[in-house]
Each structure stands twice: as C-alpha cells, then as structure tokens.
Amino acid sequence: MGFPKEGEKVQIHSYKHNGSIHRMWKETTILKGTQSLVIGANDRTVVTESDGRTWITREPAICYFHENYWFNVIGMLREEGVYYYCNLSSPFAYDSEALKYIDYDLDIKVYPDMTYTLLDEDEYEKHSQIMQYPPVIDTILKRNVAQLTQWIHQRKGPFAPDFVDMWYERYLMYRN
C-alpha cells in the first residue's frame, strides 16, 4: 500500500463490512500523507450515497485517518466553531483509486464545547447481526470508542486546540 502525496486530490470511499459501497467523497486534498497518517481537507465536495443520491458538503472540513486506530475524524469549520464527526471504522487503506475504509456504523458527534454524543448504536446492532460482525470487531470498536472519548476529553490529536485551524490554513494554500 502506498500513500497519497501532499497536494494530491483523492477520492474517499467508505464501505460496509460486507464489501458494499457506503459513501464516496469526490475530492479531498491531501495535506499530509504518510504510511501511518493521512490528513486531508475538502470544501463543497460532492458526496455520493450507496443508492446513487448525491449532496454537496456545506463547509470546509479537515479529515484525519490513522493506520493504528479504528476511527476517522472529520473536523467541520462552522460559524459557531468546530464540530467533529467521528466514524468508527477500520484503519484506512490507500490505492490508486481512493483512500478507503470500512464504516462500522457507530459515530460520535462532538460539539464546539467538546461535549459529545454517541450515535447509531441501533444501526450498529442491526448491521452486526445482518453482516455477522465477528466478536473481535465488537471488542476492537468498544476499545476505540473509549480511546476516542479519551482523546476528546484530553483534547488530543485532531481535537487539540488549533489542530483544525492550522490544517485549514495549509489547505487554503492549495486552493489559491
């Protein structure tokens, strides 16, 4: 597996455990790309859902992917502050087509005051049975929910003060 280069524009593909496509982001600019970490940014990019419907993101977003964690984090810059959407997912993979991961349903929404809500537990339970997630996946995801909430409390990684703003400033260099 290679890794995307700084300044490169890539697609992001989200899959379900059974291999079906879940969602695709048309264009994300790579701000940092290494074997273990990818930070990207997009703004008003086209998103295609599994049923073919499309929509356009409303605000600039900084995306954080790490090979050692079963989650990715999207920091969205809004007038009221930075909102985060955290997907519990497999670690990322990258090939010539796109940056890819498996979405495992659970999400954490983090508000500008760093309060958060765990979302889609019912969807996780349903898909866990339908797609027969192995027990090890449940164990890994629970451990990563704990890791993610610890990072939120500690303002670590993508939740660190100024993380999103710093990477957004870098993104602006590629847009102009």
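For all residues, glycine too, the Cβ spot is worked out from N, Cα and C.
DSSP classifies Arg23 (active site, proton donor) as strand under the three-state reduction. Look at Swiss-Prot and you will find Arg23 tagged as active site, proton donor.
What Swiss-Prot records for Asn87, Asp103, Asp107 is Mg(2+) 1 binding site. Around Asp103 (Mg(2+) 1 binding site), the C-beta neighbours below 8 angstroms that are at least 6 residues distant in the chain are Ser14, Tyr15, Lys16, His22, Arg23, Asn87, Leu88, Ser89.
In this structure, Glu123 (Mg(2+) 2 binding site) is part of a helix by DSSP. Contacts of Glu123 (Mg(2+) 2 binding site) defined by a Cβ separation under 8 A and a same-chain sequence distance of 6+ are given as Asp105, in order along the sequence. According to Swiss-Prot, the feature Mg(2+) 2 binding site maps to Asp105, Asp107, Asp120, Glu123, an assignment based on sequence analysis.
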> Non-local Cβ contacts of Asp120 (Mg(2+) 2 binding site) (under 8 Å, 6 or more apart, same chain)?
Replying inline: Asp105, Leu106, Asp107
>> Is it possible to get the count of other C-beta atoms within 10 angstroms of the C-beta of Arg23 (active site, proton donor)?
In response: 15
